[in-house]
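Novice: One structure, as structure tokens, below. Some questions next.
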Amino acid sequence: MRHVRDHGVEKTDRTGTGTRSVFGYQMRFDLQQGFPLVTTKKCHLRSIIHELLWFLKGDTNIAYLKDNGVSIWDEWASDEGELGPVYGHQWRSWDRGDGTSIDQITEVIEQIKTNPDSRRLIVSAWNPSVLPDTRLSPKENAAQGKQALPPCHTMFQFYVHDGKLSCQLYQRSADIFLGVPFNIASYALLTMMIAQVCGLEAGDFIHTLGDAHLYSNHMEQVETQLSRVPYPRPHMRINPEVRDIFSFSYDDFTLEGYQAHPHIKAPVAV
Ligand SMILES: Nc1nc(=O)c2c([nH]1)NC[C@@H]1CN(c3ccc(C(=O)N[C@@H](CCC(=O)O)C(=O)O)cc3)CN21
Ligand SMILES: O=c1ccn([C@H]2C[C@H](O)[C@@H](COP(=O)(O)O)O2)c(=O)[nH]1
């Protein structure tokens with residue numbers, strides 16, 4: 001956040017809000033050193049966990065999120081609650097085009113277990129054949145079976161060494177104030193969950209950003225957040241009995257020792 005505030009260039013964007021932006025930035029979090037949930041503002045982990053469980057189900061309708069009080073995808077869904085073939089669909093049922101589909105999550109876990117030195121441990125959500133028509137709104141695209149938004153977290157790769165599982169995410173577009181704290185926690189948790197079901201420890205989460213931006217209407221919030229001193233990292237406990245990636249439920253996660261500064265509200269650019 002500080003890097004983009006100090007070194008970013010002014011850039012217009014799709015939403016008409018305006019941003020300060022840097023192209024290309026990388027962060028690394030050692031998951032043995034605690035759970036990387038931002039402490040300089042209180043983050044709503046409940047939304048993050050439910051969103052991740054919803055991706056893993058292969059679900060693309062906001063009904064599950066709504067039932068669990070999560071509203072972060074409301075602005076982009078069609079009247080029927082559909083988002084089109086977004087993350088859940090690409091992760092669990094990538095369309096081969098011949099009526100069959102690929103469950104990338106099941107396949108990557110199988111490869112991590114049987115071929116841990118593989119350099120092909122990749123899951124991709126970027127599928128050019130279902131990208132939205134940019135002349136239409138997200139809701140209109142979703143209603144027509146296209147993605148409401150092209151995926152922001154486009155692909156991730158795993159790496160196994162010394163009994164530890166690391167994960168690197170390439171995120172093409174990053175809303176540093178609102179989206180990024182969610183994305184870091186979500187992928188840290190996914191890495192821990194996949195490590196557990198593969199009998200590995202969690203290693204590093206590496207977060208590589210493409211267009212890393214601060215929206216112009218978040219600048220006051222950014223100054224508030226940057227004036228705060230971070231607290232030590234909390235710890236995430238995951239029910240150790242779960243051995244199947246699709247069997248996790250909300251109650252299997254307990255965050256311990258999360259001390260955070262007060263929440264900071266900000267408008268989301270649609
Ligand atoms: N401009 C923009 N930024 C994003 O981060 C984003 C999108 N659009 N579109 C798709 C998804 C939806 N995501 C979102 C959307 C809203 C919040 C948000 O408003 N967060 C508030 C409230 C949290 C809550 O209700 O749980 C926050 O203070 O973190 C966060 C992530 C991430 N993505
Ligand atoms: O997981 C997410 C999803 C979305 N974002 C942000 C990044 C951008 O600010 C918008 C998407 O707009 P595009 O014009 O499609 O890039 O949403 C995020 O940070 N994290």
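Glycine too: its Cβ is placed from the backbone N, Cα and C atoms.
From a predicted model like this one, the values you see are computed outputs, not experimental measurements.
The following feature annotations were taken from TrEMBL:
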- 1-270: domain 'Thymidylate synthase/dCMP hydroxymethylase' (DOMAIN)
- Arg14, Arg119, Arg120, Arg172, Ser173, Ala174, Asp175, Asn183, His213, Leu214, Tyr215: dUMP binding site (BINDING)
- His44, Asp175, Ala269: (6R)-5,10-methylene-5,6,7,8-tetrahydrofolate binding site (BINDING)
- Cys152: active site, nucleophile (ACT_SITE)
Novice: When the Cα-Cα distance from Ser173 (dUMP binding site) is computed for each of the recorded positions His44, Cys152, Ala269, which gives the smallest value?
Specialist: Cys152
Novice: Can you count the other CB atoms that lie within 10 A of the CB of Ser173 (dUMP binding site)?
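Specialist: Step by step: centre on the Cβ of Ser173 (dUMP binding site), count other Cβ atoms within 10 Å, giving 19.
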Novice: Among the binding-site residues Arg14, Ser173, Asp175, His213, which have a Cβ atom lying under 6 Å from any atom of ligand 1?
Specialist: Asp175
Novice: At its widest, how many Å does the recorded dUMP site span between Cα atoms of Arg14, Arg119, Arg120, Arg172, Ser173, Ala174, Asp175, Asn183, His213, Leu214, Tyr215?
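Specialist: Roughly 36 Å, rounded to the nearest whole number.
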Novice: Out of the recorded positions His44, Cys152, Ala269, give me the one sitting nearest to Tyr215 (dUMP binding site) by CA distance.
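Specialist: Considering only the listed recorded positions, the nearest one is Ala269.
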Novice: Taking the Cβ of Arg120 (dUMP binding site) as the reference point, list residues of the same chain whose Cβ is under 8 angstroms away and which are at least six residues distant in sequence.
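Specialist: Listed in sequence order, they are Gln111.
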Novice: From the Cα of Arg14 (dUMP binding site) across to the Cα of Ala269 ((6R)-5,10-methylene-5,6,7,8-tetrahydrofolate binding site), what is the distance in angstrom?
Specialist: 9
Novice: Report the largest Cα to Cα distance, in Å and rounded to a whole number, among the residues His44, Asp175, Ala269 that the record lists as binding (6R)-5,10-methylene-5,6,7,8-tetrahydrofolate.
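Specialist: It comes out at 19 Å between the most distant Cα atoms.
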Novice: Among Arg14, His44, Arg120, Tyr215, which binding-site residues lie by ligand 2, judged by Cβ under 6 Å to any atom?
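Specialist: What lies within reach of ligand 2, judged by Cβ under 6 Å, is Arg14.
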Novice: Three-state secondary structure of Ala269 ((6R)-5,10-methylene-5,6,7,8-tetrahydrofolate binding site) from DSSP?
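Specialist: The three-state answer is coil.
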Novice: Could you state the CA-to-CA distance between Asp175 (dUMP binding site) and His44 ((6R)-5,10-methylene-5,6,7,8-tetrahydrofolate binding site) to the nearest Å?
Specialist: 16
Novice: Using C-alpha atoms only, work out the spacing between His213 (dUMP binding site) and Cys152 (active site, nucleophile) and round it to an integer in Å.
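Specialist: Computed Cα spacing between His213 (dUMP binding site) and Cys152 (active site, nucleophile) is 13 Å.
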Novice: Taking DSSP three-state, what's His44 ((6R)-5,10-methylene-5,6,7,8-tetrahydrofolate binding site) in: helix, strand or coil?
Specialist: coil
Novice: With DSSP assignments reduced to helix, strand and coil, which class does Arg120 (dUMP binding site) get?
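Specialist: In the DSSP reduction, Arg120 (dUMP binding site) maps to coil.
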